[in-house]
Amino acid sequence: MPAAADTEEEQPMLPLPGAPSSSWAQFCQRFRALFSGADPRVCVAFWLFGLINNVLYVVILSAALDLVGPSVPKGVVLLADVIPSFATKLIAPYFIHMVPYPVRIIIFVFLSAAGMLLVALSPPYTDGGTIATKLAGIVLASLSSGGGELSFVGLTHFYGPFSLAAWGSGTGAAGLVGAGAYALATTSLGLSVKATLLASSCLPAVMVVSFFMVLPRSPLQPISAAYAGYRAVEEREELAEEREFMEGDRDATFDEQERLLGASVLSDQSKKAGWQRFKRDLKRVRGLFFPFMLPLLLVYVAEYTINQGVSPTLLFPLDESPFAHFRAFYPAYNAIYQVGVFISRSSTPFFRIHDLYLPSFLQILNLVLLTLQAVFNFIPSVYIIFIIIFWEGLLGGLVYVNTFAEIGDRVPKEDREFSLGATTVSDAAGICIAGFVSMVFEVWLCDWQVTHGRDYCRRI
């Protein structure tokens, strides 16, 4: 009986009614228990990975108008910022395991810094410059962001669930920090766009410090033989046996021609093993699609269609809103959305969901509801829209971070690193689809509103 009582006391539960000091002490104790076993260095490193890897993406989108001018659709910047990342996430999981993590970090930092320098140093459109150089810089930064996400998410496999929670929180903070820092630098501090972007090009160096100086390296030692890649332990043993057989002592009667023939057979078997590994990885992806990749894809299509195609048309008369200008609505929506994303992406130590489709379908309902509002204008107050946008951010962040948490729980250990990296393609694919849809959808919604007597979208 005493043992049972001890067990019950160890189970987390809500504080019982009583003295406030006692309840607060119990709450603090259980709060600390949630983080039992967390390595502060791991959490700090992965939080910085998430922040820096995503913050340049946000800075570029925040600077879209300044980068390409008013005559070029901002969707061009979005697509240049997303399509290379999508291509990287689609292709790289099948070969990036051959590149050691330290080398990847150096490559990503170089691409990010070079991309931001190209964007910052190319002449502005007002001085006769073209946007081609700026778009090239955005593409380089996007390649780095895509490769960084699939690598860092895969890296969480070796550092446990707290690394994933820290990564998710860092990516959520990137939206707030990126948009806020750009607005602060260019408005409150009065810095030029060029100076702000030049300062941003120094941020990737933080990833070098985080990886080589903050992150404990011991969990990576077992995978120092990078050529082994994603292969299961059993397969590695089989390959070792094959190599031992093929490279073992040969009979003294073998002549040079037979040795060359043996080397040719080994090469052919190596190529065959590579092809078999590729086909096995494709089979893994098919197994990931419905439980993990599809709900993440759906939530991102709905989320970014709202952000890029619908929310620019969710406008109210100025005398019924807290704003003095119509162009203030969109930044306010974006800030509220980013707060929701940050909260939900930081939530896995406290709250987990296992049904990934439920929040995805709720996000689709958000898209339908806000589209109907843009068309029929039946919601009486902008403050209700604020609540829906905040809810949108919560749902999107929940699906993102819980998708990878579920992979960590449900996918076999030997397949986990590949599965985590391969699934990152879903968010980029969703953003790409939403980018193309939004370029048409926003125009259609605005035209509808104008023809029905609401021309607010033309006054921005």
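Cβ atoms are placed via backbone N, Cα and C, with glycine included.
What Swiss-Prot annotates here:
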TRANSMEM  42-62  transmembrane segment
TRANSMEM  76-96  transmembrane segment
TRANSMEM  105-125  transmembrane segment
TRANSMEM  135-155  transmembrane segment
TRANSMEM  164-184  transmembrane segment
TRANSMEM  195-215  transmembrane segment
TRANSMEM  287-307  transmembrane segment
TRANSMEM  323-343  transmembrane segment
TRANSMEM  356-376  transmembrane segment
TRANSMEM  378-398  transmembrane segment
TRANSMEM  428-448  transmembrane segment
Against which stretches of its own chain does the transmembrane segment (164-184) lie, if we need a Cβ under 8 Å and a gap of at least six residues from its ends? 42-59, 62-63, 152-153, 156, 196, 331, 334-335, 337-339, 341-346, 348-349, 397, 400-401, 404-405, 408
When you scan the chain for residues with a C-beta under 8 Å from the transmembrane segment (42-62), skipping those not six or more beyond its ends, what do you find? 77-78, 81, 85, 108, 112, 115-116, 119, 138, 141-142, 144-145, 148-149, 152, 156, 159-160, 162-175, 177-179, 181-183, 196-197, 200, 203-204, 206-207, 210-211, 214-216
Interface present between the transmembrane segment (105-125) and the transmembrane segment (287-307) (three or more C-beta pairs under 8 A): no
Are the transmembrane segment (76-96) and the transmembrane segment (356-376) close, by which I mean at least 3 Cβ pairs under 8 Å that are 6+ residues apart in sequence? no
Residues of the parent chain within Cβ reach of the transmembrane segment (428-448), under 8 Å, 6 or more residues beyond its termini: 73, 75, 78-79, 82-83, 85-86, 89-90, 146, 296-305, 307-310, 312-313, 371, 374-375, 457-458
